[in-house]
Amino acid sequence: MLQLTIRSIHTDAKLLKQRCSKLVDRIIRVNQAGELGANQIYRGQLVILGHTKAGKTIRHMWEQERAHKAAFDRLVNEYRVRPSALQPVWRVAGFGLGLGTALLGERAAMACTVAVESVIIEHYNDQLRTLMCDEPPRCTDKVLLETIRRIRDEEQEHHDTGLQHGAEQAPFYRTLTSLIKSGCRTAIKIAEKV
């Protein structure tokens, strides 16, 4: 009977580790894809706004996004996570969104930042809650938790910067941000799986 109990505990621990591993893989995959898209958004915006007063601000946010992507690139390699198969799509979609909003003006570009970052902040908070919850699959990977926290805090700064630079005065602000948020949520769901 004792041997059966020990085997059951070992099997339960193994299943928990597998579920935790799948969760961590999904989180790293989607976050790397998201940071790739964010990089491309700022790249697209800089094509149009690089030599304007907003260019310096956008360039600063882009530098941080490049560091975010590098952090998740390292985690992809360290954890041997399969990256999103749709990386070419995320590159083109991100660049197109950045270019398109920049063509609408500085405020629309900042509205894009506010919309994207509000979804990403919510997404990172959900991930942190899931990773730290008391129910399986509880994962206590301190490096992953700290990476998500740090990047989430910088995304909050980007969100606030967008508001400070007139995002809410962009033409059709509510419609524009609503469409962008919807697109981001859809991209997140897809990137978690593909």
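Cβ atoms are placed via backbone N, Cα and C, with glycine included.
Matching E63, E65 to the Fe cation 2 binding residues that TrEMBL gives (E117, E155, H158) identifies E65. Same-site candidate for Fe cation 1 binding, as annotated by TrEMBL with E65, H68, E155, chosen from E35, E106, E122, E192: E35. The residues near the Fe cation 2 site, meaning same-chain residues not in E65, E117, E155, H158 whose C-beta sits within 8 angstroms of the mean position of the site's C-beta atoms, are A38, M61, Q64, H68, T113, V116, I120, E154, Q156, E157, H159, in sequence order. Cβ proximity to the Fe cation 1 site centre (mean Cβ of E35, E65, H68, E155, cutoff 8 Å) flags the following additional same-chain residues: G34, A38, N39, Q64, A67, K69, I120, I151, E154. For H158 (Fe cation 2 binding site) paired with E65 (Fe cation 1 binding site), the C-alpha to C-alpha distance reads 10 Å.
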